[in-house]
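As written in TrEMBL, here are the features:
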- A:85-111: transmembrane segment (TRANSMEM)
- A:98-253: domain 'Sodium/calcium exchanger membrane region' (DOMAIN)
- A:131-150: transmembrane segment (TRANSMEM)
- A:162-185: transmembrane segment (TRANSMEM)
- A:197-220: transmembrane segment (TRANSMEM)
- A:232-251: transmembrane segment (TRANSMEM)
- A:288-430: domain 'Sodium/calcium exchanger membrane region' (DOMAIN)
- A:289-307: transmembrane segment (TRANSMEM)
- A:319-346: transmembrane segment (TRANSMEM)
- A:352-377: transmembrane segment (TRANSMEM)
- A:389-407: transmembrane segment (TRANSMEM)
- A:413-432: transmembrane segment (TRANSMEM)
Amino acid sequence: MSYMLPVEMESIDNESIHEFKDEILSIPEMKAQKSQPIQELGEGSFSGGLQAKGDDKMWRNVVCRSIKTVVLSNKLNMLMPFGPLAIFVHIFTGHNGWVFFLTLLGITPLAERLGYATEQLAFYTGPTVGGLLNATFGNATELIISIYALKHGMLRVVQQSLLGSILSNMLLVLGCAFFCGGLVFQDKEQVFNKATAVVNSGLLLMAVMGLLFPAVLHYTHTEVHFGKSELALSRFSSCIMLLAYAIYLFFQLKSQKNLYVPLNEEGSQNEENSDDDDETPEISKWESIIWLIIMTSWISFLSEYLVNAIKGASVAWKIPISFISVILLPIVGNAAEHASAIMFAMKDKLDISLGVAIGSSTQISMFGIPFCVVIGWIMGRPMDLNFQLFETATLFITVLVVAFLLQDGTSNYFKGLMLILCYLIVAASFFVHVDPSAADEAGT
Amino acid sequence: MVHLPSRPVMPNSWIARHIGMRAVRSIYIVLLKAKINMLLPFGPLAILLHYVTGKHGWVFFFSLLGIIPLAERLGYATEQLAFYTGPTVGGLLNATFGNATEMIISIYALKNGMIRVVQQSLLGSILSNMLLVLGCAFFSGGIVHYNKVQVFNKSAAVVNSGLLLMAVMGIMFPAVLHFTRTEVHFGKSELALSRFSSCIMLVAYASYLFFQLRSHRSLYNPINEEGDNDQDCDEDEIPEITHWEAIGWLSVLTVWVSILSGYLVDAIQGASDSFNIPVAFISVILLPIVGNAAEHASAIMFAMKDKLDITLGVAIGSSTQISMFVIPFCVVVGWIMGEPMDLNFQLFETATLFITVLVVAFMLQEGTSNYFKGLMLILCYLIVAASFFVHVDPSNDAN
């Protein structure tokens, strides 16, 4: 959940408690069953909930309600039992293929709930810190999986899963969103804010540049110290990319807030009341933080099993590891963003869809990847930005195609279909792609 | 004169004479009226030369000259047929038969196992449409209308550029996979990937046709269409031959083009030896110039009449059609024939296509044209042609 909603968050922030209560009462029926516990919770938390601390029963109620809101209310959470099931299978059978599959299924709802907890926390912290939270925790799942893989020295898996996450966000998620939105709104052309798309495309191209140079340097065998130069270059480039990302955040959150107002926002805020953006927080601030911590630890726990099972799954199912890392892992990691992007596109809020999809890609390419390089540096792992020629070329052509399609600021179902078909071509290419790095390392 | 007057029952001799007259009139309209048909005799001459002298250089040259008028007449017959079938099927007809010449030549080359010739001639056709035809059109139009900037519909150009980029993507992956030696089964993986990608590209092309013909017809209205009612323009032309005549001529011309293509393809290798030109140059530059000669002429003519949308439709639409329909179609035909035709166009050709698509997409995106843009495109084509003049195929080394 990495999209920025500075204006909506501002409006929530400025409301007084009484307006807050009035808004609760005006939430339509679909939220009605939640409004009762919210109202009580609201009164409990907002008017000095500390007075409930002394009462044990009140505590238990709060915890139960919290669990109910966070864990049980979402249909996706049916997949949650797969997590512990995966651990059982791992301990008892050691069948890596199934462990991998079940862990994948188990992480999906956790990733979604993590995003939900981040959103909820963002309501309390105000737009700036909220945006920062979204920017950092938006792809927490991918980051956690990557850090575990790094720890195990599976550098190619890290590179490929991050690359696959970028590709899946740019092509699959965006394509599905455009396609569904275009089908629902067949009679008109959906528009979105060009400026955001262009800035994000520029950042993605900059990331491609950062990835291209070490790869080409290595491939043309023209570096000063073979093998060591790209590592040094990668680490330097990563610091620069992190700096660029920090400045981008600053730019987005502080200076140019008016640049990112979505095109049809003026009408939408007054008319629609089934608006997800005007949703009020459903759990309190401390609950959000606690749930954030719980979800993160749970995901870390499952990621351990996931990463351990990758190689075994590849052998058991006869699929190249690159296909698992580039296509399967990210589809799962992005499942929640996928669903929300499609939903927003069907509600004709393309700016939010774009923020989810392209913003997530930007975040991974300008923050996630350099961050992993730096973590690798700290851990002493030789993680670099040399993603090997094939992957780099794939990223390059994909960024170009997407940047081109986004630049005129309109969308229709055909564009979405094109993006999805491009993703199928990319997936097919990785299905028949073996990694040369094993051969390279043997050679050097 | 489209409809015949109602005639009473007549004796058979009159009917036979009438049909004879109509056939003669038809032949007159289709074969003798256009000036380009002066080149028609070169066709039979080429066949004669093939059997009498066997001098491949001349056979090749004459077949080239002989095919040009046939290709143009084929386009004419398709246009005429499109008058009768309505816009939807007419558009489909144009989309399929628009590059019938290239398709026929490619299928013959495929049958002879000359896979590189197929790949290079299709690539050359895309390059020539995007650079040479478009460049000449922009240049001529810009010179005729030099006091104003000509405009065209941006969204059609953008959609076509997006499709071209998608085609480049489809062609790039097998090439890069092969080049970095990172496929699972060396030599076999790119073939499987190419066939899968070709099916996807055909699906994309079909949806593009659907999208263009059904849903978003309003997006493709030319910008200056309102002014057409005053001018005496080609679009309001009435059909000159009847429905059945059009179909008949379509079949006759297709057969004629196929026959000549057979001789053309057989003579390529010999021509390359006798003229001392690389086969790559012949396939990429010479063949497509001929195949596109008619489109070339019509694009320039429309640009000079300030109807840039039609020009773009001819040039860029033809490129899109070749890249998203003909190339995947040839891969599928090769699949059926059992020939290992794949999308791996070798790195040099793929890189050329990539950079060309980028340059053209970039130049088209603002929706205006002037003679300088045209000149730039033509000069780019000269650079591409020169590159292929000094390019040898490495595929023999790889095998």
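Backbone N, Cα and C define each Cβ position, glycine as well.
Model, not experiment: these values are computed from the prediction.
Touching of the transmembrane segment (A:289-307) and the transmembrane segment (A:85-111) is concluded from the presence of at least three CB pairs under 8 A, sequence neighbours closer than 6 excluded.
With DSSP classes pooled into helix, strand and coil, the tally for the domain 'Sodium/calcium exchanger membrane region' (A:288-430) is 121 helix, 2 strand, 20 coil.
For the transmembrane segment (A:389-407), the most Cβ-contacting stretch among A:85-111, A:197-220, A:352-377, A:413-432 is A:197-220 (pairs under 8 Å). Against the transmembrane segment (A:413-432), stretch A:162-185 has more CB pairs under 8 A than any other of A:85-111, A:162-185, A:232-251, A:319-346, A:352-377. Long-range contacts of the transmembrane segment (A:85-111) within its own chain (CB-CB distance under 8 A, at least 6 residues past either end) are made by residues 74, 76-79, 140-141, 295, 298-299, 302-303, 305-306, 308-313, 315-317, 324, 328-329, 332-333, 335-336. Relative to the transmembrane segment (A:232-251), the listed stretch A:352-377 leads the set A:162-185, A:319-346, A:352-377 in CB pairs under 8 A. Long-range contacts of the transmembrane segment (A:352-377) within the same chain: residues 1-5, 135-136, 138-139, 142-143, 146-147, 150, 155, 158, 162, 165-166, 169-170, 173-174, 177, 181, 192-193, 196-197, 200-201, 203-204, 206-208, 210-211, 234-235, 237-239, 241-242, 244-245, 248, 262, 277, 334, 337, 340-342, 344-345, 383-385, 402, 406, each at least 6 residues beyond the stretch ends and with a Cβ under 8 Å from a Cβ of the stretch.
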